[in-house]
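Taking it in order: structure first as structure tokens, then the write-up.
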Amino acid sequence: MGGSVVVDLLSELQAQEFHVFTDNLFTSLALMSELRVMGMHETGTLHANRTAKCPLTLPQAMKKQPRGTMDYQLEATSNTVIVRWNDNSVVTVAFTGYEVQPLQKAKRWSREKKQFITIPLPNAVAQYNAIMGSTDRMDQNLGAYRPTNTIRIKKW
């Protein structure tokens, strides 16, 4: 399972340009390269060990940095950008079709200052959160309100 599932699902849509959002179970640099050949873009979170030896700051070192710290690298042959960003935890996002800039602003609660602070947010992370947040909400609603959970079948 993995990238081949995504390619199989998208194989019927090759005539159009799409931007695909995937979670860390499906995202890989090989999938991004394959989708670029198909004329599609992808954005997805990556496991820290799936960055193909990309020279990013290690997650352990990134955790010691202040919130909002980021590091990014461009893989020139496939035009894929990998961003590692420190929020409550270290997040690694790979994407094609976006730029790292402009940085947006994220409002987060600071336990040390006991108030909201504003931290820089890479554009691709903001786009990913906007799309996948809705998907996560849909999954949550389907799990809670699935018709099989609410309809009782009477057996005569």
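Here the Cβ of each residue, glycine as well, is placed from N, Cα and C on the backbone.
From a predicted model like this one, the values you see are computed outputs, not experimental measurements.
Features as listed in TrEMBL:
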{"type": "DOMAIN", "residues": "3-149", "note": "domain 'PiggyBac transposable element-derived protein'"}
The domain 'PiggyBac transposable element-derived protein' (3-149) - residue tally per DSSP class, helix then strand then coil: 53 helix, 42 strand, 52 coil
Average model confidence [pLDDT] within the domain 'PiggyBac transposable element-derived protein' (3-149): 82
